[in-house]
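Here the structure is laid out as structure tokens; the discussion comes afterwards.
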Amino acid sequence: MPRNPRFCFFLFLLFHSSLFFSIPCFSIDEQGLALLSWKSQLNISGDALSSWKASESNPCQWVGIKCNERGQVSEIQLQVMDFQGPLPATNLRQIKSLTLLSLTSVNLTGSIPKELGDLSELEVLDLADNSLSGEIPVDIFKLKKLKILSLNTNNLEGVIPSELGNLVNLIELTLFDNKLAGEIPRTIGELKNLEIFRAGGNKNLRGELPWEIGNCESLVTLGLAETSLSGRLPASIGNLKKVQTIALYTSLLSGPIPDEIGNCTELQNLYLYQNSISGSIPVSMGRLKKLQSLLLWQNNLVGKIPTELGTCPELFLVDLSENLLTGNIPRSFGNLPNLQELQLSVNQLSGTIPEELANCTKLTHLEIDNNQISGEIPPLIGKLTSLTMFFAWQNQLTGIIPESLSQCQELQAIDLSYNNLSGSIPNGIFEIRNLTKLLLLSNYLSGFIPPDIGNCTNLYRLRLNGNRLAGNIPAEIGNLKNLNFIDISENRLIGNIPPEISGCTSLEFVDLHSNGLTGGLPGTLPKSLQFIDLSDNSLTGSLPTGIGSLTELTKLNLAKNRFSGEIPREISSCRSLQLLNLGDNGFTGEIPNELGRIPSLAISLNLSCNHFTGEIPSRFSSLTNLGTLDVSHNKLAGNLNVLADLQNLVSLNISFNEFSGELPNTLFFRKLPLSVLESNKGLFISTRPENGIQTRHRSAVKVTMSILVAASVVLVLMAVYTLVKAQRITGKQEELDSWEVTLYQKLDFSIDDIVKNLTSANVIGTGSSGVVYRVTIPSGETLAVKKMWSKEENRAFNSEINTLGSIRHRNIIRLLGWCSNRNLKLLFYDYLPNGSLSSLLHGAGKGSGGADWEARYDVVLGVAHALAYLHHDCLPPILHGDVKAMNVLLGSRFESYLADFGLAKIVSGEGVTDGDSSKLSNRPPLAGSYGYMAPEHASMQHITEKSDVYSYGVVLLEVLTGKHPLDPDLPGGAHLVQWVRDHLAGKKDPREILDPRLRGRADPIMHEMLQTLAVSFLCVSNKASDRPMMKDIVAMLKEIRQFDMDRSESDMIKGGKCEKWQPQPLPPEKIVSTPRGSSNCSFAYSDESV
């Protein structure tokens, strides 16, 4: 029978195809079994891999599995699962066909198995965003076909192996946000195909960027930010013809930017900020026609800004601030049509603002403050209709504020303070509906405040003080419902304070002092007010009873006016009042007893130069926190016994009254100069000796009516007084000439009582300037006595006296007195029995409060209150300079007291604008304690109160984690701040960093701790200007316990209600910096270190 050729051919195909398909069937089963075995070794929670079943013969249909055209497993891709354990690799070795292994965000721990190096077909290995530790195994670098290696966001340690050069096909290498150390291997130059290299966020990565990096000719992204790379950028970087992003910010680079950078013609983003780069900006950058973002701020760049930058048409962000640049702002910047942000603050630029900038119609941020720019503001600025921020404060600008500025209807903040501007404020400025901040203080502006101000309904902060403004305060100001802060002091305003001001329902701060205002105080004022200064005007009438409704008021200054009548008793409802100054007015009647019912009255009470009669109210004995009392130049009578127990009094003036009787026999009154007692003809000094102290017999002496009339008597009294004081303190006649003693409280002891107890057995601590002893005096009272390290410690000794001797706060250690001679300097404080916060946290403290969150919260809130008082309530402000857990002492109920003011500094307000004190003075950096010092201590940057804020943030982290900032157990010798930052950058559970003694608490308590963690991160921002002010920190901490508990922990760790302070994390390719200067936030760094 003849054969059919077609039929034979069909049988042939059928036979061979059955052979072809029969072989993989066994192979697939084998790979399926290997995968099931691998799954069994994973600690998987839930049913994430429920589709992986032995009953399914074909694994190609399983979740996360892909096969090639031959039915072999080629890809394993599993994401966002919870494996909770190490990565097993033994079974994976059997899947030789595997080309892609991606296990991201699956909570892998342990080390990377070296067996992965046997997967010879592997092209993609992605183990990012896990908790892998240990070193990168060298075996990985045997995978010659590997194109993508992603190991970022883990806890990997060790060095980057030099075998990296074997991966000649590698296209993408991401190692960022680990704990890698050592240098970048020179073998990286072998990777000719490498397009992406990101190893930022490895703080211990050091050495120089190798020259060989220039051999990576395919490189598109080079990200090595937030490392310890040092030295110069190699000139070979110019060989990277395809590179689009170079991110090497927040490192230790030095030397100049190489001219060869101009050869990188594809470059779009250059981020070199926060280094120590010197030299000038290369002219060759003008060749970078695709450049979009140029961030070089906070370096040591000098010379002129090259005109050639104006030939980079794609530029939209230029930040060269905080350098040493000189010369003019290039006119060529007007050729940049896409420019959105130009930040040149804090340099030494001169010349004028170029009119050509008006061509940059997309400009949103123009910040040129803190330079030496002169001339007028060009009228063409009105063409910048997209402008939202215009900061030009602290320059030498002259002329008028151009009316055309009102055409910039998107403006939100204008700060032209500290210039020489003149003329009137353009009416049109108040037609800018989005304007929230208008700061024009310290100029020569004149004219009237226009009624148009009422149209500016979003205005939040208005500072016009220190000008020559005249006329009335317009009634339309009452339309500003959002106004929080108004300062129009030191002008020439007249007329009444408009009653419409009561409509400013958000108002907290009002300063109108030193004007010519008349009329009375409005009967109704905003209940939100915290600060009122109307002193040095011509206001009349009586105080309205409505003053009692201001329950948030802390400071009220009405001095140097013409007020009359009696003080309303309703003032006692001002329960937060700390300072009350009614001096130099025409008040009459008796001082109301109700003033003694204000427990917060601690800073000052001034009722001098009025017509008060009667006696000092008996309730004044309750003002135990009061520091300064002035009732001089009145018609007060009676005795002064009611003041005898005011132990916190530092200053008292009762002169020119009609007081009589015996002066209280206390040390404070015995030390008062006669000038504060004079013209009280019925007043006399006690003749009774003090118990236990040898005294010279004195006759009763009438206090003189006038120093001029009884000059000789005064001199005799002063001489006797001086001798008696020295004799009482020392108890030794032979030491009368050697010791200088000042006591602020009544203390019965001799110098010998103190000195003999300064032994090693009584040491309770050490500070930055001395050692502290516990000393019990004969009366049984226990003191803390600090002995300065050496007689050369004059600065620290004087700092303690000058600072603590003039301030009072419930959370600041109380200085009881001091003494010194040529060889010894001693300071006397209240003794606090529970040691320091440091000893409480780290095992040596008394009591069991160390593990209690509520106690820790109260401690840090108290310290925040103390620092806020120093920074914002003291005039001038005070910097502590050494905030650390050791300097936070604990009272009998574990209440906190800030101590050790040996490094404290008085801060001049010169050069400060809008309360932003990030640039207060040019003094050299302060000393501090290692581990707590802010980054600016390591450079020539200004040290400000924001440095205290950083140290406070470290203390917060110490309280939350229970770890010392330099805890030797932190991996890789990391600092506490970096350890926490790395943990959170790895998107790990923030609860894991909490002190084990704090974990396992109820959800509301955990919420509090996580929110406090968010506050601490604001405090430890690398840039001082990014850190909040202490008064805002207090507000945030107080708000935490009233926080909406429905918010998620992830929201809170990003800032919670504090997020208005949080720098917005953006990948570098999308960075648009936020303003510095007058605002309190600025671009800091990307959340993803590149």
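Placement of Cβ uses the backbone N, Cα and C atoms for every residue, glycine included.
Quick look at what Swiss-Prot lists:
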ACT_SITE  Asp882  active site, proton acceptor
BINDING   Ile764, Gly765, Thr766, Gly767, Ser768, Ser769, Gly770, Val771, Val772, Lys786  ATP binding site
CARBOHYD  Asn43  N-linked glycosylation site
CARBOHYD  Asn107  N-linked glycosylation site
CARBOHYD  Asn263  N-linked glycosylation site
CARBOHYD  Asn359  N-linked glycosylation site
CARBOHYD  Asn420  N-linked glycosylation site
CARBOHYD  Asn434  N-linked glycosylation site
CARBOHYD  Asn455  N-linked glycosylation site
CARBOHYD  Asn606  N-linked glycosylation site
CARBOHYD  Asn653  N-linked glycosylation site
REGION    1054-1079  region 'Disordered'
REPEAT    242-264  repeat 'LRR 7'
REPEAT    623-646  repeat 'LRR 22'
REPEAT    647-670  repeat 'LRR 23'
TOPO_DOM  724-1090  topological domain 'Cytoplasmic'
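Where Swiss-Prot records a feature, it is marked here on the structure.
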residue : record                       : CB count, 10 Å
Asn43   : N-linked glycosylation site  : 12
Asn107  : N-linked glycosylation site  : 18
Asn263  : N-linked glycosylation site  : 18
Asn420  : N-linked glycosylation site  : 13
Asn434  : N-linked glycosylation site  : 15
Asn455  : N-linked glycosylation site  : 18
Asn606  : N-linked glycosylation site  : 21
Asn653  : N-linked glycosylation site  : 19
Val772  : ATP binding site             : 21
Asp882  : active site, proton acceptor : 25
Rounded distance in angstrom between the Cα atoms of Val772 (ATP binding site) and Asp882 (active site, proton acceptor) | 16
Spatially closest candidate among Ile764, Gly770, Asp882, the listed recorded positions, to Asn43 (N-linked glycosylation site) (Cα to Cα) | Asp882
Rounded to a whole number of Å, the separation of the Cα atoms of Asn359 (N-linked glycosylation site) and Asn263 (N-linked glycosylation site) comes to 28
Taken over the repeat 'LRR 22' (623-646), the model's mean pLDDT = 92
Proximal residue to Ile764 (ATP binding site) among recorded positions Asn263, Asn420, Asn434, Asn653, Asp882 (C-alpha distance) = Asp882
Consider the glycosylation sites Asn107, Asn434, Asn653 and say which one has the Cα lying nearest the Cα of Asp882 (active site, proton acceptor).
-> Asn653
Out of Asn107, Asn263, Asn606, point to the one nearest Asn420 (N-linked glycosylation site) in space (Cα versus Cα); all of them are glycosylation sites in the record.
-> Asn606
Nearest-integer angstrom distance between the alpha carbons (Cα) of Asn606 (N-linked glycosylation site) and Asn434 (N-linked glycosylation site) = 41
If we check Cα distances from Asn434 (N-linked glycosylation site), which of the recorded positions Asn263, Asn455, Asn653, Gly770 wins as closest?
-> Asn455
Going by Cα-Cα distance, pick out whichever of the recorded positions Asn107, Asn455, Asn653, Gly770 is nearest to Asn263 (N-linked glycosylation site).
-> Asn107
Densest Cβ environment (other Cβ within 10 Å) across the recorded positions Asn359, Ile764, Gly770 belongs to Gly770
Helix, strand and coil counts within the repeat 'LRR 7' (242-264) (DSSP) | 5 helix, 7 strand, 11 coil
Compare the Cα of Asn107 (N-linked glycosylation site) against each of the recorded positions Asn455, Asn653, Gly770 and report the nearest.
-> Gly770
Distance from Asn653 (N-linked glycosylation site) back to Gly770 (ATP binding site), taken between C-alpha atoms, in Å = 35
Expressed in Å to no decimal places, the gap between the Cα atoms of Asn653 (N-linked glycosylation site) and Asn455 (N-linked glycosylation site) is 48
